[in-house]
Amino acid sequence: MQATNPIWAEVQQLLQKNLSKPSFETWIRPAKFNCFENGLLTLITPNNFTSDWLRKNYSETIEKAAEEICGHNVKVIFKSENNVNNNSNIPDTVSQQSIKSQTRSISTSQGNNTNNRTKKSHSLNIRYVFKRFVVGPNSRMAHAAALAVAESPGREFNPLFICGGVGLGKTHLMQAIGHYRVEIDPEAKVLYVSTETFSSDLIQSIRKDGMHVFKNKYRSVDLLLIDDIQFLEGKEYTQEEFFNTFNALYEAGKQIVIASDRPPSQIPKLQERLISRFSMGLIADIQPPDIETRMAILQKKAEQERMNLPRDLVQFIAGRFSSNIRELEGAFTRAVAFASITGLPMTVQSIAPMLDPNSVGVVVTPKQVIKKVSDFFSVTAEELVSSSRRKPVSQARQIGMYLMRQGTNLSLPKIGDEFGGKDHTTVMYAIEQVEKKLSSDPNVASQVQKIKDLLQIDSRKNL
């Protein structure tokens, strides 16, 4: 590994100007240059978690900075020191943006040459495969049905309708079916889309007089995987076109897999004929996992990250987060990040305070909240406490008020004072807005959690 490299040094300088100091010091500075060949920049990170975090949150930012320095396209790969030192055969953590770019180019090629069946039209998450799905009593039937459909599509269970609450594994099973089919038959045309994408494609095709393109995209596939079908609610024209698409595929013997947060009969304003179609195959529901399954999920996640979690910590996390798998895995990720950055051991005693789902996890000062929020959103502290109604500022201010309410003992009027003398009703409204968005907007939920993590790390360092 090379100690220094002029290109990476320049990229770091550019990133330091564009990122907040905590973000740069925590994530970018520890990354070490490895090599730069044929437009591929390889960086070494302290551990697998840091590689994964950089890939998810900073790969595109690093690539853009590198492209600005080099003057041509750059892709970034992250390797952990453990994998490098152990000559591990684990695949490199490749930029998600690179994967997305490849998917976009494949989809474009598919649209331009629909007769070339070796060019796939799917857009599947590489992690959502059967071997990574932990089967429990809550999901055994859905898993068995998904595997049966993957092995023999268009036969017994057509359509396969998978239903269950948020974050229980519906999307994972759907995409696992797609991966399985592509692995068995590389020429299979597999398409995974959300209902919102289906509706958006339909609207665009109408505007551009391109219904033939739309029909070709959706009716020429061998396997259609459509997520969040509950969003068909009240969309009459979209329901009409989906009904026609469904019939065309079904009559051609093609497999249809549908996912929803509820059974067909419970989706409001859904046409009876669609309810009938959705119910004619198999409806398989997924329930929240029991504690044994949750512990197995955490242990599998730890194995994938090559970590050895104490059993009492696994049991603690599994007992604390019971509503869905996404929340459970998020808790694991936060715990690993916290231990990695602070250097504290992975024990219940050190991890428990920052895993409280209803609080910041530590007591913080108003100044800490304002600094972390302003740094995170790249606004000044003065703007944050001002009366500015610019959207970026007002959104940051609402999140700041929410975090201050959770992390301090201040009353609503006192929080208002910290934000430039705002009325307590303004603070109450801001908190309510953030609470609503936490359950409906993944981006806001991610932003809030990242700032919580930064506050926890900052407070621990000052202990």
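Every residue gets a Cβ built from N, Cα and C, even glycine.
In Swiss-Prot this protein carries:
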- 1-79: region 'Domain I, interacts with DnaA modulators' (REGION)
- 79-122: region 'Domain II' (REGION)
- 87-118: region 'Disordered' (REGION)
- 90-116: compositional bias 'Polar residues' (COMPBIAS)
- 123-339: region 'Domain III, AAA+ region' (REGION)
- GLY167, GLY169, LYS170, THR171: ATP binding site (BINDING)
- 340-463: region 'Domain IV, binds dsDNA' (REGION)
Those binding-site residues listed as GLY167, GLY169, and which of them has the most Cβ atoms within 10 Å of its own Cβ: GLY169
Env. residues of ATP site, Cβ within 8 Å of mean position of GLY167, GLY169, LYS170, THR171 Cβ: GLY164, VAL166, LEU168, HIS172, LEU173, ALA259, ILE286, ILE325, ARG326
Per-state residue totals over the region 'Domain IV, binds dsDNA' (340-463) - DSSP helix, strand, coil: 88 helix, 0 strand, 36 coil
Spatial neighbours, same chain, of THR171 (ATP binding site) - Cβ under 8 Å, 6+ residues apart: ASN125, TYR128, ASP227, ALA259
LYS170 (ATP binding site) - helix vs strand vs coil (DSSP): helix
Counts of helix, strand and coil residues, the region 'Domain I, interacts with DnaA modulators' (1-79), according to DSSP: 43 helix, 17 strand, 19 coil
Number of Cβ atoms other than its own within 10 Å, given for LYS170 (ATP binding site): 26
